[in-house]
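Visitor: As listed in TrEMBL for this protein:
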type: TRANSMEM; residues: 6-24; note: transmembrane segment
type: TRANSMEM; residues: 36-62; note: transmembrane segment
type: TRANSMEM; residues: 68-91; note: transmembrane segment
type: BINDING; residues: G78, T81; note: Na(+) binding site
type: TRANSMEM; residues: 103-124; note: transmembrane segment
Amino acid sequence: MGTLITYAAIAAGGAAGGALRYLVGTAVDLRSGSTFPWGTWIVNVSGSLLLGVLAGLVLRLGWPGETWAAALMIGLCGSYTTVSSFSLQSIGLVRDRQGLKGAVYVISSLLACLLAAALGLALVTGGVPAP
């Protein structure tokens with residue numbers, strides 16, 4: 001069970017991640033001018049890359065320590081990335097009779113997020129270590 005400091009660190013990371021998600025997602029969506037949910041796509045892929053880098057730092061160096069790792073990985077990355085928005089947007093595309101666009105969104109999101117996390121891990125560890 002975590003300490004009160006760990007919970008506070010996760011909450012602070014979560015607040016920062018949520019605000020950052022709104023900032024990045026909104027900026028990307030406004031610039032794209034598309035019905036494709038680019039904002040959420042970019043947020044989820046970049047968040048997966050960051051999570052992979054952080055996981056690599058923890059695995060390889062034991063950095064940044066348990067409290068900071070929780071704040072950054074659970075708090076920041078957890079609230080920055082968003083499965084719930086991804087799910088709702090996917091359903092919305094299908095509901096709006098944009099099934100092909102919805103399928104592209106789902107498949108490209110899953111593949112890009114997995115590849116980004118693996119890349120982040122590999123950049124720090126020199127490869128993707130076994131779990």
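Keep in mind that glycine also has a Cβ here, set from the backbone N, Cα and C atoms.
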Visitor: Out of 6-24, 68-91, 103-124, what stretch is closest in contact terms to the transmembrane segment (36-62), meaning most Cβ pairs under 8 angstroms?
Guide: 103-124
Visitor: Checking distant contacts: for the transmembrane segment (103-124), what same-chain residues at least six beyond its ends satisfy Cβ-Cβ under 8 A?
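Guide: Beyond its ends, the transmembrane segment (103-124) has Cβ neighbours at 36-37, 41, 44-46, 48-57, 59-60, 86, 89-90, 93.
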Visitor: With Cβ-Cβ distance below 8 Å and at least 6 positions apart along the chain, what are the contacts of G78 (Na(+) binding site)? List them in sequence order.
Guide: G13, G14, G17
Visitor: According to DSSP, collapsed to three classes, what secondary structure does T81 (Na(+) binding site) have?
Guide: coil
Visitor: Over all shown protein chains, what is the count of other CB atoms within 10 A of the CB belonging to T81 (Na(+) binding site)?
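Guide: 21, counting other Cβ atoms within 10 Å of T81 (Na(+) binding site).
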